[in-house]
Structures are given as C-alpha cells and as structure tokens.
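Novice: Sharing the record's features from TrEMBL:
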type: DOMAIN; residues: 102-141; note: domain 'P-type ATPase N-terminal'
type: TRANSMEM; residues: 112-129; note: transmembrane segment
type: TRANSMEM; residues: 135-153; note: transmembrane segment
type: DOMAIN; residues: 179-315; note: domain 'P-type ATPase A'
type: TRANSMEM; residues: 340-359; note: transmembrane segment
type: ACT_SITE; residues: 425; note: active site, 4-aspartylphosphate intermediate
type: BINDING; residues: 425, 426, 427, 523, 565, 589, 618, 698, 699, 700, 780, 786, 809, 810; note: ATP binding site
type: BINDING; residues: 425, 427, 806, 810; note: Mg(2+) binding site
type: DOMAIN; residues: 833-1059; note: domain 'P-type ATPase C-terminal'
type: TRANSMEM; residues: 867-887; note: transmembrane segment
type: TRANSMEM; residues: 945-965; note: transmembrane segment
type: TRANSMEM; residues: 971-993; note: transmembrane segment
type: TRANSMEM; residues: 1000-1020; note: transmembrane segment
type: TRANSMEM; residues: 1032-1050; note: transmembrane segment
C-alpha cells in the first residue's frame, strides 16, 4: 500500500541556507507522530573523526567550557523543573496569560520586590536576633503575614480559575483520523503536529491547521474569528482542491504529499505555504484562506485539517503578549509620599540617637529605633488600596445606568477621575457604524442623476431630459448597479433547511429571511440597496455568483479571481465571467485616494468626493475593465506563478494585480451615511464643560471628519476651523503654524501626512499650539499615528489621557493611553478586549468619568491619607514615650495591641471610607464643572499630606502627654488610657472625614469597637479593676475630646464660612427640590 507522507517544513531565517525543521509524519503508523529533529547539517567528510593536538592552555579552556556548559544545563533543568515550562510539541495552552503559574513562589517574589514589603520583611526578620527584639514576634510578623496572605489568596483564586479554564480547553474531545479503525477520540492537550483532526460545526479549532476537506459540497466553510481578531463577521476558508475531490477520507493515506509551512509567527492575516503531490509532481500554493487558526470556531459544515502548529507556536498564543502595565497617577503620588515617610523614619531615628548619644552599641539602638518607628510607613496601605480598587470596579460593573460595562483592569479606576484629554475614534465610536446607502453619483447631468439615484427617489428622472440622454443614463445606472451587486465579499445566508439551488420561478428572498455576511457593513449596505432597486444577490459560493434581475431570469457569473480589501491597498476587486455572454470583467471599488490614479481621466471625481464628504458621507469609487480571454489567460499564468513563490510572495502578487489596475472605466461614486451614536452631542458637551479637551483621530477623509466634528458638536457652531492640508516642506509647515498662532478659539483640523511634517521640524511648536485649541481633528491617521499622538500629549503636557475606540485599528491608541476605553461595536470586540474599560455605548463615558472616576479618586485619596495618619499618630506616641523615659528603645504597646490596632480595631471603619461620596451622581452630571477640581490633584497633595502630619503630631502629643499627666500609680495605666483614647480618636476621625454616611459605615464603627471591648475583657492586657473604675472613663473621655473636638470645631467653621463648591450645590439642589415640592399659593 502506498503511504501518504505529510512533510511539514518550517522555513528558516536565512536566505540561501534555510534552517529547516523537517517533520515527517507517516500516517500509516498510528503513533504520536513525533518530529524527527535531526538536521543533517554536516556533510560526510565533516562528520569524520579527526585527531586534534591541543596545548595545555587549550585543554584548560576546553575544560572550563565543559564545566560552564554543565552548570548552564543544570541551571536550565532546574528552572524548567521549577517553572514548569510547557513542551511546544503538546497542545497545553494558557489562556490570556503566560503559562508560568504565579502561586506560590512567584507571588512571593513579586510581593517582596516592592520596597515597602521588603522593608517590613527585613524588620520582621530582625526580630529573630535577641539583641534587636523589641516585642513578640507576631507584633511584626502578624501584619506582614496578613498583607501577604491576602495577596496570596487573591493570586491563588486567580490561578485556580486559570487552571480550570485551561483544563476546560485542554480536555476538550476531538476526533483524530487514523488509518486503522477509523477516527478515534483524543484530547486537545494530546494533539501533535501532523495529526489529521476533525472539527465539527460550532466547535473551536484546537490547533493551527491546513484546511484539507469539508462536508460542504462547494469545498468551503465559514469560521468565526471573534476570539482571535475581535471581528464579528464570518470568514470564508477554502479546502485544498485535489484533496477535497477525494471520495473518502481514507484515501489520504494512499497519497504521497508534502506540506511546506513557514516558520511560526504572529501574523494572523498571512500565511505562506505549499502542498506538493509527489506522485503527479503537482504543487499548489497555500495561503491564509487555506488555514484555520486555533481559537476560531467552525460556523458551517465539518472540516478535516492537518495540524501544522501546536502549543506556543500557534498564532493565538503568540499574539497573547502581556499588555503594558499601567500605573495610575494616584499610585505614583502615594509612592512619593511613602518615600517621604521613609525619610521621616530615618530622620526621627537619627534625632533620637543624637539625643541619646552614640556611646556603647549604638548601631543596636539605631536599628531598634528604626523598628519602633517603622509603623510610620503603613504596610496595610497597599492592601487597602488594592481591595478598594476591586470594590470600585465591582461598583462600575453593577451600575444599572451603564449595563454591559466591564472593567478589565482593576488597577487604575482612579485614572478616570483625572482625565484631561479624551482621544476618540470616529467610525463606530462617535458614529454607529450602521451604514445607510444615500446616493449614487455618475458625474454627468448631476442634478437629474442625483434625483434619480437617491434612495428615496422615485426612480425616474426629469421628464424634460431628452430621450437619448435618458437612455444613456439608464444604461449607466444598470452598469453601476450591476457592479455594486458583483464587487463585494458578501454571502447570503438563509435559515436552516433552505435549498440554495434557487429555482427561477421562486423568489427565495421573499419566502425566506436572508442574512448578509460580510467583513464590512459598507458592503452589506450596498448589497441591500441593490436588492431594494431590483437586483438582489440570491446565491454565492466559491465559484459562482447569482443575481435576480427584475425580469426574473437568473444571471449567473463565474468567479475567476477575488482580490480582498486590505488596509494597505484600500481597495478590493473581483474578476467574473458572465455565463450567458462569456464576457470577462474586472470590477474594482475603493477609496478615492487610490482609485483616482487608476481610472480614466475625468473632471468631476475629486470635486464630487469633496462634496459628498462635506455632507458626512463615506465615499467609494467603483470602476471596471473588460478583459479579453487572452488577457485573462496571461494574467492567470503570472498570478499563479506569483502565488507559488515562497519568498516575497506578497509583493509579487501585488505587482501582478497592479498590471491590470490601469485605465479602468469609471462607473460611479457611492455615498453611504454613518449615523451618530445615541446622545453623542450631549456627551461631548458634558465632557467639554468638565474641562476635558477632546481630540478626534480618524483614518477617514478630511471633509468627512470635519463634517462629523461639526454634526456631533465636537466643534461648536461659533468656533472657527483652521485646516492644515497637504504640507510637504518645512516652509509650508512654518507658515501654517504662524497662521494658526494668529487665530484664537479655532479648532485644528490636520491631515496625517501634515502632522508628520510638522512633527519632523516643529514638534514643540505644534504641540504648544494644539493643546490650546478647543478641539483637534486628525484625519487620514494610521493606527501607529494614533498611538504616537497619545504619547505626544503625555510627553508634552504631563496630563492624563483617555482613548476610546471600537475597532482593531484603535488598539494601539487604547493601550498607549493612561485609561483605555473600548466600545463593543459592529467591527468586533478587539478594542473592547484590549481596553481597560469596556462599554456598550459612547454616552456611558460621561458617567464613567464624572461619577465613577470622581468617586474612585476621592475615596482612594481619603483612604490612603487616613491609613498614613494611623501610622503617624502611633509613631508620634512612641517617640514621645521614648523621649520621656530617657530615650529607651522599648515599645509602649506590645503584643496583640500592635497587631489589632492596624487590623481588627480600626481597619473596618477606615476601609468603609470607600463607601463615601461628596456629591450624588445627578449633581456630578448636572454640574460637570466640578470635575475640573479633580484634575488639579487637590484631594491628595503635599499640602493635604502635611496637614495630616500636623494633625497626627497634635493628636499623638495630646494622647501621650494627657495619659502621662493623668496616670497615678502604674505605667500600665498609661498604656490603657492612651491606647483606649487612641482607638476612640481613630473612630471619631473617620466620622470627621466622612461626607455622606452609609449604613455599613455605622456597622463598621460598632464592629471595631466591639472587637476592642471583647479583647479587653478576654485577653487581660490591662488592669481590669482600673478599667472598671470611673477614673478610667473620665480620663479617656477628656483626652479623646481634647484630641478631636478642636478638629470638629475647625471643620464646622470652615463649612460655615468657606464651604466647598460641592456642598453649595447640594444645598442648592435640596432647596430647589423643597421649594418645588411646596404648593403654590
């Protein structure tokens, strides 16, 4: 029996000497299809044994090399064992994150990599040294262990969920074709390169495969790629023709064929390969249309594929790069304040040592003082903030006014409250990406033709038009409509059970509902329009297109070639042959910037493109070229040869196609309207009143972008426009910048190439002028330029930026911004998946920033400063105690008192500050000007920090000196009085900080107080007889009142004479509501 050998070769990096990995899979052996890794790089003569004479130095070098190599291999083996690296030959894939597990060793490394945790680890470890011990071990190890435990639990939960998701994928069952016994079941984790795998309809593809066969009779099937590239449209994939023609699958094992595959790479839109049938010496090219990538879902039929990449070599895994780690501005500010606290620890320690003197073992006392004052640096700050951020994210996702919102990055919710620049895409973001066909323009007799071609027109021209002219127009209409009905990649999909072999007497589109599948909503709108004017598309497969004209007789066209649309070419084409006449025609459509040089000379195209763009319409130029059979045969030969080339295939194919794209007959110009999103005007107005500057970055034409900017009120009606068109030289850029400098309150509209020219010569001047403009529109902007603009704003202004978009071309901009916002749109979920925040509608941005951003920033600022205050006040008490008792390095509060102070006794009320808010959501949205104060960073600044430092010093001094003055007999009475007053002071200070009380805040207050009372009763830290006495109560009350009452009085006076803006608005809103509710006389 003949054996089919699937030789999958991966091309190397160097030309002329490719480093190939030849993987021979013999389908006759039902084994694991292991790869033959031998490379045979040496010739026979090179492999001969040689006698080499070495000197002593050479022997020493050889020995050292061997030892070094041995230890290197040993280290690699240990790393592989510890880190559990995956073998690429097996399909065991980590979803969304690297395969290295975080728990438990890695999480410890990540936590102690932080300065604060490492500092406390050193402090806690020092307690094992008897000379440095100043209390019980759990006094320092307790808080540190609690912080690390919380973090490890969070990471453990994430790892368990990640492992569960991995197991769900890795244990999915698939059918593997074998030569004996038919298909057998394998798990996706056991799929190897060279396996022949069946994938059923609605089943996810487990590995990168070459598409060999399908149950669909036309030799093609649809796949869904939304989890790979974010696009929601279905993609058409083609089988290998000579394998599809086989009668049974088992005949594959009687063939001798070789599949050549390029080296694994990230590009999901391109693939270079060939398949060679050795018995007939035939070779066919393989492109991305002949592949199905891992992660996609089969949407029609059942397919059989040859596995070429598995595991980490698959496209989906190679594209799972970790996104840029974003650090919020609040975290940076807190980090700077923490450095000040560390300096305070060192300064206070040095002062105490100077007062004590450096006699004796001074270094021991120095370290003990550092241990005593280490509570100035709050170890629980990081945990409180992280848990607070998680709570803010949970609140955002549960907001009923923003249903569908997803927070993908829980580390930066406060950034939403500090935004100064909002950069937005146009199509699908400000607009709905819902295309409505509006106009078809022929260029001649424009008035009558426009009336004729408007969608809502009657279909008849002006009766005064001469008959000869009317016939000419009608003929051109027919050619234009036919071109639109043929030049696309739209496929009509009918409900289950509908026979697509359409009969002429049956109008299938009126009997059965049809859904058009395409990669672009523009194309769907055009095909729907051709249907509405009487030329519907009723059937399409790989080789034919069928139209139904008004006469009822079907028109069948054979599809000879298709040239799909790409962002580089900005056009698509199709070559069809009409069955009834045998005429071969090339139809093309694309952007006017590329099509204008391909069509025959005309004097109207450029002008009409500008006119339609000014109306906010998206334009497409449609043209055709009639080919003779000889011309097409010559083209097909060169095109086939270019597709078989292994090197520079893309450029060779493009060169062959461009040879046809000349002297095209211009048929028409189409105009499609993209509707605005809901409440776009109101949302942009809110953001602008909040002090946020809005920039629109789009790849569309200047005229269309300008029109959308005006219709969406991005540019106010009373604002002027300064347009920078084509700037090629430094002098032109200089003149334009001078002209912009002389204009005030004018919005800037600039093209992408003009932006590049200005940035090349006058980067600082351009940015200085642009940031002063009320709005900026950048058109003809590439995805790379969008990200570059974001970075320019960040670098030149230092302000926080947010970017919002809905398509794959917005991902780079979203990831570059400080806060990336993705909209789930018609272009797919790619932007949504890459963003920090995912929303359903553009109008949700206002509530996301003005309400949730405000609350997150205000709450985190209050929480962080209060946690610092908690550490400063107890360190002040310790410093006063040491100074009174001859600068002794002895802890005042020992044992569980120190552990409980930062956890059970005060943590619940302090953390309840995440429930606080200064204004209601309605007030925040009604008065967006309140947002301007947030961008100034006044809630957390050096000023507010030093105010809290002064409060801590005052209260710590009152508590300690008050206890010293009022105690009578024993020192333990000082501890009991001062510590109880400290706990009550902290609870009262939380009440002083709260602006709007929540029921859970009151519960937290009583819960902490209850924990403290229980610990007094059952843990016997204090003298119980003294605790029950009246002296204890009145002394604690007096000290607490002295420490807190002046602050309450100051707060009352401040709100009375200089109230904050938000309190005025709350009172105004309350007064207005009350007056409206009163009956009128």
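Each position is counted from 1, following the chain as shown.
Cβ atoms here come from the backbone N, Cα and C positions, even for glycine.
What's the neighbourhood like for these features in this structure?
Specialist: On the 0 to 100 pLDDT scale, the domain 'P-type ATPase N-terminal' (102-141) averages 69 in this prediction.
Listed by sequence, the residues of this chain that lie at least six past the ends of the transmembrane segment (340-359) yet keep a Cβ under 8 A from its Cβ atoms are 119, 365-366, 369-370, 373-374, 376-377, 868, 871-872, 875, 879, 882-883, 887, 945.
Sequence-distant contacts (6 or more apart, same chain, Cβ under 8 Å) of residue 810 (Mg(2+) binding site) comprise 425, 429, 783, 786, 803, 804, 822, 831.
For residue 806 (Mg(2+) binding site), the Cβ neighbour count at a 10 Å cut-off comes to 32, with all displayed protein chains included.
Within the same chain, residues 337, 341, 348, 352, 355-356, 369, 372-373, 375-378, 380-381, 384, 893, 901-902, 906, 910, 945, 948-949, 951-953, 955-957, 959-961, 964, 978, 982, 985-986, 989 sit at least 6 positions outside the transmembrane segment (867-887) and bring their C-beta atoms closer than 8 Å to a C-beta of that stretch.
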Novice: Given the ATP binding site residues 425, 426, 427, 523, 565, 589, 618, 698, 699, 700, 780, 786, 809, 810 in the record, what is the largest Cα to Cα distance, rounded to whole Å?
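Specialist: Output for ATP binders 425, 426, 427, 523, 565, 589, 618, 698, 699, 700, 780, 786, 809, 810: max Cα distance 26 Å.
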Novice: Count, for each of the binding-site residues 427, 809, the other C-beta atoms lying within 10 angstroms of its own C-beta, and report the residue with the smallest count.
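Specialist: Among the binding-site residues 427, 809, the sparsest Cβ neighbourhood within 10 Å belongs to 809.
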Novice: Looking at the binding-site residues 565, 618, 699, 780, which ones sit with their CA no more than 10 Å from the CA of residue 806 (Mg(2+) binding site)?
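Specialist: Cα within 10 Å of residue 806 (Mg(2+) binding site): none.
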Novice: Please list, for the domain 'P-type ATPase A' (179-315), how many residues fall into helix, strand and coil according to DSSP.
Specialist: 24 helix, 52 strand, 61 coil
Novice: I need to check the long-range neighbours of the transmembrane segment (1032-1050): which residues 6 or more away from its ends have a CB within less than 8 Å of a CB in the stretch?
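Specialist: Counting only partners 6 or more residues beyond its ends, the transmembrane segment (1032-1050) has Cβ contacts under 8 Å with 951, 954-955, 958-959, 962-963, 966, 976-978, 980-981, 984-985, 988-989, 992, 1026.
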Novice: Any idea which of the binding-site residues 618, 780 has the thinnest Cβ neighbourhood at 10 Å?
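Specialist: Looking at the binding-site residues 618, 780, the Cβ with the fewest others within 10 Å is that of 780.
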Novice: Across all the protein chains here, work out how many other Cβ atoms are within 10 Å of the Cβ of residue 565 (ATP binding site).
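Specialist: So the Cβ neighbour count for residue 565 (ATP binding site) comes to 19.
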Novice: I'd like to know which of these recorded positions, 425, 699, is least surrounded, judged by other CB atoms within 10 A.
Specialist: 699
